[in-house]
Amino acid sequence: MSLYKQSELFAFLNSIGRKPNKRLSQNFLIDGNILNKIVDAASLSPGDLVIEIGPGPGALTEALIAKEIDVIAIEKDRLFAEKLGRLDKDNRLSIIQEDVLEVDFLPLLKNRKAKIISNLPYHLTSPIMGKILPLYGKIETIVVMLQKEVAVRMSSPPGSKNYGSFSIFTQFYSDTKYLFSVSPNCFFPRPKVTSGVIRCTPKKTTSSFDKEAFFTFIKSVFSKRRKMLLTILKEEIDKEALTTELQKLGYSEKCRPEEIAIHDFVHIYKSFY
C-alpha cells in the first residue's frame, strides 16, 4: 500500500475508523514526488539510523524502510502507532508511542548517530527544534517539513526581513538551508498554509557561556527589532562602550538587531554580560 496515494490513504483511514486530528496537526502528505525529495534530501545510506517524528499513517515511514535503514518512529497517536507495525517486514522499525517532547533521544541511539526526518506537527515546531538542534555529535542531519513562513525564518541570513531570534537559535546550532516549498494541494486534509522543507546540519558550538541566558537576551532584543541596538540596550550597557564595540565589529552606531550576524551577537553578549 502506497499511502501517499490519496485513494489508498482514504481506504486505510476508513479501515481503522479514523479521521485526521486537527489538534495534532495531522495533515498527511499525498504527493509521491515530494515524499521522494524529502527522503533524498537526507542522503541516506543502507544501515543508517533515522528518527521519524509524527509518522501518522506511515507514508514516509514506508519510503524510509525501503532504503534498507533502521527507523525509530515516534508517534503520539495510539492508533496510528499500533498500525505502524504492519510496515515492519525486516525488523528494521521500532515504534515509540509517546509525545516526542517527553522522549529522551540519547538512550534510543545506543551509541549510534542518527538522522531526523519528519513532517513536523506544525504547532510544535519550536519546542521540537529546540530539543533536537543542540544534539551535535548525536544527530548528523535534520530534514523537516514545516510551515513555510517558519522555515524561511529559520534559514534567513542577517540583513533580511525574516531574520530574527528563531533564525539565530537555529543557525547557532546548525548549518541551515531552505530546500523547497510544498503546496497545500500536496496534503489531505488541505492545510491553509504553504509548507517548506529545510535541512539542518548540527554543528559544534565552541563558545562556553550560558546559552539559555543568551537566547533570552536575543528574544528581548528582537522584540524591539525596528529600534537601534543602542536604544534597546541603553538601560543595560554604557552607550559609549557599546558604540566602540559595534564600530570594532564593522557596524554603524545606528544599526538594528536584524543587521547583526550571530557570531557578533555572541561577541557582544560575552563582552557585556
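Glycine residues also receive a Cβ, built from the backbone N, Cα and C atoms like all the rest.
Annotations in TrEMBL come from automatic prediction, not curation.
Features reported for this protein in TrEMBL:
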BINDING   Asn27, Leu29, Gly54, Glu75, Asp99, Asn119  S-adenosyl-L-methionine binding site
DOMAIN    34-204  domain 'Ribosomal RNA adenine methylase transferase N-terminal'
Would you give the longest CA-CA distance, in whole angstrom, between residues of Asn27, Leu29, Gly54, Glu75, Asp99, Asn119, the set recorded as binding S-adenosyl-L-methionine?
21
Let me know the DSSP-derived helix, strand or coil state of Gly54 (S-adenosyl-L-methionine binding site), please.
coil
Got a sec? Which of these binding-site residues, Glu75, Asp99, has the most Cβ atoms within 10 Å?
Glu75
List the same-chain residues at least 6 positions away in sequence whose Cβ sits under 8 Å from the Cβ of Asn27 (S-adenosyl-L-methionine binding site), in sequence order, or say none.
Pro20, Asn119, Phe187, Phe188, Pro189, Arg190, Pro191
So how many other Cβ atoms are close to Leu29 (S-adenosyl-L-methionine binding site), meaning within 10 Å of its Cβ?
23
Could you list the residues of the same chain, at least six apart in sequence, whose Cβ is under 8 A from the Cβ of Gly54 (S-adenosyl-L-methionine binding site)?
Leu24, Ser25, Ile74, Glu75, Lys76, Val100, Ser118, Asn119, Leu120, Pro121
